[in-house]
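As recorded in Swiss-Prot:
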- 607, 608, 609, 610, 611, 612, 613, 614: ATP binding site (BINDING)
């Protein structure tokens, strides 16, 4: 290292402490990067890679960005998941002896970004910290540095379950200890695209103990300690805005796993991963950024306490019924800026004058908001605004201190109002009058010399000067001016009087800028005192904003207030899928009832593809979520229980973590529901069993239905293409067949999208294929095959027709007609086994008893004794398999 220059040695010493980050090393007006950082940054930022002499035999790779544009480049790197360590000059180069002292003043990471393109105003930017304990449990702590919010919870389950919970927080960065499993870290980085950071210290940092007063569990404190120590180590500044830690337990809220949230498209769509088209998109009529964030948090955690849900519903009803109150509140909320993040910027020391002006404008709305809510005859409203301080003294302070149109920078002056500080007023008087004197001097000198083009100007290098063109130099009185600068076409002069005024004016202007900066930083410290009150106000206003949002969308979309019941019954009259209805944009939407009495647990849904089975299932889930976050629901009448969990298996399986097959993911999701559901849960299973053979799929589907019906008792919607399962209605007294109806008109299918009692009589799959515009020849052949199948007593494989195939294709398998006797059957492949479910051609022919041997006659006798009406389909299939095996033994 001694081979390098002192400056490069300094760089390498700092870089050694930040190996996992880009080091932005301040050199004058630039941030420079060297060595590998330079090569990688030049590629990522698309900037020029150059080199410089660093004292060694080889030149050092180097790239840099201007300090005034660094924010944009830092955002680009952090957006890609990188970390950036900002190293500043911490002493004046003019007075430095040797190399200027430099220190890292902040480590900017995906989880600690305070502002920029990556920060959505209606999204939290959580940093997560995960701590693993020997008993298999985990503590998960989260912090949003932009708002100061802190949460912690205790989790149990498999590592993959825990990682999915972390993923559900939306965190872009997770802090773990250095012993955390490398395999699990790979899943976080490669699959979930999270940035990994390390922190081994778990004690609560000094000065932050007051934030964990409500936390007594040692496990939770360790997770919070890890989180806080990482934040302090990386940010290196005041964290006065950090809020007391909120403990939450997953059993206090409706549990909806990550897969179910995605399937239901609660906050983003499955296809585009965007908000537009999700339930959040529909319900978000909030007027403030903080209200938008609270709405999303409510949707992530629906309530399970009936009384709390009813309180919200009553408040929403109040807003629905009082149009003028609601509209007045909305108008005031429009003028409220993001109090939470403004408080964070105050604490962080990066608030500017415009931010404080936004704070004042927001506070001006608060008294009227609180007064309007206080007049409501509502206990929930009274409790909500209790202790809310409108901070009128802060409003007054900001009103008399900050200019109405201040500049963005706090170092350019013109921030503080006249009358706020006497000394500042004096400097401004000198500066203003001095400039007036300059203008008067210019006029006087023109009159004395007779040179009308004479002017007095200023630049930063030469100060004030009198400028006369060379053509007019002869008109100047001898000895009146002292020459200062010669130009190509003019001369510049100075006088003793002008020098004196210049000193006064420049000193005043310099002192004005410095004094304004000092006054602003002092003002910022005064505002810090109000941070807890501002954060409390933010919570109150956020909640009011969400409630008015529910009221607004409920009135616009004609939602109805649900009635919550302690009974296990569902009564939804004319229910609608709220998002589908909105997207149809005025087109006729077909509503559907969902009526499940206390003794009715399972709806077995059959019907055509594309008929609306999945929409109907999602519709019920969304209605329950909307109800339990306190919103009205899309129906003409709704009576609902309070569900503790929702489990779904709808649509294409989307495995976030393990890389399992689609069928395995389907089975794991089914297992999750079966293992964790209670009689207070809602289960939605769509086409379980499709990913395996027909026998296996049908057997699994029936076994799952029976288990839910007999052992769990959860309200369940189970859609299937296995029409054979509809006979379960005869043996399972709490199961009911329903179907989505369709009719045929002029050879075409018309989907009615209406749920009706009973099983569907046909699938209309060929009609769906026509809608997909499959080749007409293929459709014609499918219809021919279908006609042959439907014309037989049993399902059989129809005769093949000769089809021309490419020469490279294998020869077609031809079904050979055998004599009308039971043939010896070889062990079948999986494909053959699936085909054999439909039977061979010989199965449709009557057997000639004369050719049966004794064993076959005995089997026939056993078949005659079987009481099919007393067997489930699964038992029947097992019996058939046993008899077939007996025949094969020969």
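Numbers run from 1 along the shown chain.
Backbone N, Cα and C define each Cβ position, glycine as well.
Keep in mind that what you see is a predicted model, and the values were worked out from it rather than measured.
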Site with most surrounding Cβ atoms, counting all protein chains shown within 10 Å, from the binding-site residues 607, 608, 612: 607
CB-centroid shell, 8 A cutoff, ATP site 607, 608, 609, 610, 611, 612, 613, 614, site residues removed: 740, 751
Least surrounded among the binding-site residues, given as 609, 614, when other CB atoms within 10 Å are counted: 609
Binding-site residues (610, 613), the one with most neighbouring Cβ atoms at 10 Å: 613
Surrounding CB atoms that lie within 10 Å of the CB of residue 611 (ATP binding site), all protein chains: 25
